Structures are given as C-alpha cells and as structure tokens.
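K.L.:
One structure is given below, represented as structure tokens, and several questions about it will come after.
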Amino acid sequence: MNKETFKPIEELHTLDTHPFFGASKAVETDLRLGQQWDELKIHMLQMYSEKERPLLSGIPKTGLLQKKLQYVFPIFLHETISIKTLSAIFDSMKTQNLLLVQDERGLSGRESYIYLGIVCSDSTVVYYKVTDGPMKPRQNDEN
Amino acid sequence: MSKAHEIYKDPLPFLLARPLPPIIPTNPITWVPYIYYYFFTRTPKQIPVQCSVDASTRSCLVTDREGIRRLWTSGFFGKGNLSRSEPTWHVRTKRSLGLLGFDEDLVAEEITARRRLQRKRFKAQRAYREQCARERQLCIERKEEIPNHLKEDAALPKELLDPFSSFAPPQNPSEVTSVPELEHLQLTFPEAFFLSSLGALTANTGTEDISSTPLLRYFAEIAAQTPEYTKAWNENTGTSFSQLDATPHIRPENSFLVDLAAYYYFRQQGWVIKGGTKFSVDYLLYKRGPVFSHAELAVLLLPCVGNSQKQNLKWHELHCLNRTVGQVKKTLVLCYVHCPAPEILNDLWQRQKNMDQWEWSKLILSHYSIQCVSLRRWVPDRNRD
C-alpha cells in the first residue's frame, strides 16, 4: 500500500457521465482499498455496436488467487443479466485482444473466466465467478 | 457487553427530553426544576446530518464523521462501504500498516479473524494429537519402543503452539505515515427517507435543488428510472437515453415504495433492518442490533397489486431459499406487500401539490399493507412440532 492507493485510478473519472459509473466506482473502491488489489485498470468493452461498458482488471495480493491477473465486471443488483450479455463480454474480450485468464478446471482447458461484481444499494459488493464453458467437477482434495 | 449497552442505548437518533427528578407536593424545593424547565428551556433542537444522494447506486452517502457515529450508534443506520457493517476501514488499514498496535482498539472484523485463527489452531493441534495417538498404537502393536516425540506428554511442534504466527505481520514498504478517512456511510433510500421524516437527515444533490420536491417522489422516480436505463443499455433496443422520461410514471409496485412500506412496518415494531443480499433475501431483521445478536429473520418482499402477485417463486426456488436461510439458522419470512390499485395511486400522486410533503407521504404509505408468512422445513418423522 502506498500513497497512490489512496486515490482512485486516473481513468475512472473519465467515466463519470457513463450510466455504469456508480457500479464501476463502487467495485474499484472495494478492490483498491478493501481487497487491496494492485495494478487496477479499466478496459472499455465494445459490447454492442457503439455502446461500451467498463471492465476492471487487477492483481490480488493475498489468498489463493495471488499474483495472477483477474477481471471483474461491475453490475447493479437491479439489472437483469442475460446470456447474451455474458457472451458479449467474452466475445469483446477476445476481439479486443485482452489477455484472457484460463480456468484450470475447464473441460477443454481453454475456457476463460471473469468475476461479476454485483453492487447493492447498501454498498455490499458480491462477487460471482463466471466461466465461458463447461467445468470439470471439483475433486475432494482440491482447495 | 455492558459497554455496548451504554454506547447503543438510543434506539433512534431522536432527542427526547431528559426525565426530571420526582416531584413531592409538600416539599417546595422539588418544584424548582419543573418551574425552571417550564419557563427557561426549549426543546433541544436536533441538527440534521447532511448526506448526498447518489442516484446511480440508489443510495445516500454520509461523510461527516460525527454524523456517521450518531447514525450508527442510535439505530444502526447505514453501512460502511469498505467494511462488513460499521465503518472500520481506517482502523484496520492503520493496523495492517503497523501504525496501530496489535491489540489496540480491536474492531468486529478483527475479533472474528482472531477467533477463526484460534479455532483453526485448536483443530490443527487436535489433529496432531490424534495422529500421534494412532502412531503410538501402531508402535504398541509392532511391539516397538515409543519414540520420545510421540509420547503422550510430548511437547507440540513450535508452529502449532505459537498462536498468531500465521497472521500477516504489518507491512509498510512505502513508509506511509498517515491514512486518510476514505470510507463513507452508505444509506439505502428507505433508510434515508425514514431518517428525513424524523428530522435527523437532510438529503442534498450536487446539481439540483430538491428542497421543494417531496423526498418520496424524488426517490420513487429514481427507482423507476434506473432499471429502464440499464435495460435499454443491455438490450441494445436502440432507445436513446433522451427518450427515457424525465418524470417516469410511478407504478404501485415501484421498488422504492414497496421497500419503504416494509421498512416502516418492521421499524415501527422495533426491529433493526439491514440488507440481506448475502443470503439472497431482501432484509435481515435484528432484535436489538447487529452488535448484540445475529439476525433472527430473513425477509423476502413480494409485491401484490390487487389480486395478482407481481413476483412469484417457483417451488424449487422457494425450497432452495428456505434451505439456504435454514443453514444459517434464520427463519424465512415471506412479506406480501399489498399495493393500491394503479388508479388510486395516480389519483393520490396528483394530490401532492395541495398537501404538505410529509402528510402526503403518510397518505400514500397508508394505502400499503403488509402480510407476513414464516416458513420452516418440517419432516414428519424428525421434527416434533
């Protein structure tokens, strides 16, 4: 943690008129100050023709996900997310050549995953993992 | 524990007159306090706490430290945005940077972390002792000499004895000396409305002046608008944002009005209400507060307009929810909120111009009624009642 951690990342305030600014700001604050992730960046995903939605990426410091790049997609609790939206996320990540994170439990080994950061109005942020393909079942001696 | 009773003694941020000493008719000296208070004092005036409305997250933010303390200690309103409940980010960050001692002023999250570590340590010690006992048994069967480290009173290895060795030591590589106050208290719209109606809170927006708009109408319009905004964005229907109404039509099952009706209902009965997203319900009800005990009830809101329910659960969803809630030892309560018919609500909505803001809000809320049903799983051959 250094003095830079106490300020939001530069790219965030360029989004302040965006409809999803509230969710992105809540997730960015939680990742930077609460979970203490490093190297937070915002990527704008071209989901449908002209419209873009922000995607955050960062590197966790502690725990099982240590030192590996992770992606978090901020959404609101009152939104309904369809399969169309989820596939659009993964498709735009591939089109825009973002570095994909492989899921080691994926069936073919080529599935990638992101986290959905669901922002509630009481400031709770709940994280869910979404993989873009089938996964093998968890083995008993795995973490 | 008694300290908690002292700190959290006010159930609401409402100043009541302090009780006066008992009056004895024959002793004129006891009349003096009453005469003094009759002539010279006025009811203590509450200074409302300021907050700013954040429409996109449907919440109100409080940044004034004294205001945060007052709202939390009298009624447990709001949640720190970087903490589990009470805003404690500042203390925890200072401790992780080494700016605060290991055991000074422990907060809730840290007490839980220490307790979990102690439990984990105890389980590791117990597993080690059981392993030693098994090896001792094997030695006896093979008629071998029991080595010293396996004997019953042998010392445990060092890493199992040292209580906090796996606690991350404070790290401050960049030599940060002070930590700014970056956490705020976040209030949901029902909480903010409730506090405003008591005179304990004033809501401000950065851009417009809303002192003339009734707060109920302002919040209901935001709640009606935000799902439309995000839906249009996600479905790519080609709706441009200028087509979305500046003043959307308010339906009886408006999520803010339904949440508010249930909030008032439970608050009037003395429950402390917190968000229940982590247990996939709408509200968690605490008897006195999160500090005193765990939540007893998990409430799911189901709005009904006339005879039709706007939201229903399939059997497997209800079963799943009941199991989840039962696993965490809470009781599931389905709260049916009966909303007025659309024509009645439209008529009441129009009447706002002739009425005082709070009288009008009271009128609207009086048309909402609540019916609760609690659910518990019952197995004929296992449960007695």
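Glycine too: its Cβ is placed from the backbone N, Cα and C atoms.
Automated prediction, rather than curation, is the source of TrEMBL annotations.
I grabbed these lines from TrEMBL:
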DOMAIN    B:256-338  domain 'tRNA intron endonuclease catalytic'
ACT_SITE  B:Y286  active site
ACT_SITE  B:H294  active site
ACT_SITE  B:K330  active site
K.L.:
Around B:Y286 (active site), how many other CB atoms lie within 10 A of its CB?
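P.N.:
So the number of other Cβ atoms within 10 Å of B:Y286 (active site) is 18.
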K.L.:
Taking the Cβ of B:H294 (active site) as the centre, how many other Cβ atoms fall within a 10 Å radius?
P.N.:
11
K.L.:
Taking the Cβ of B:K330 (active site) as the reference point, list residues of the same chain whose Cβ is under 8 angstroms away and which are at least six residues distant in sequence.
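P.N.:
In sequence order, the residues whose Cβ lies under 8 Å from that of B:K330 (active site) (at least 6 apart) are B:F279, B:L284, B:H294, B:A295, B:E296, B:L297, B:A298.
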K.L.:
Reported in the order helix, strand, coil, what are the DSSP residue counts of the domain 'tRNA intron endonuclease catalytic' (B:256-338)?
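P.N.:
Summed by class, the stretch gives 29 helix, 27 strand, 27 coil.
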K.L.:
Roughly where does the domain 'tRNA intron endonuclease catalytic' (B:256-338) sit in mean pLDDT, to the nearest integer?
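P.N.:
So the average pLDDT across the domain 'tRNA intron endonuclease catalytic' (B:256-338) works out to 92.
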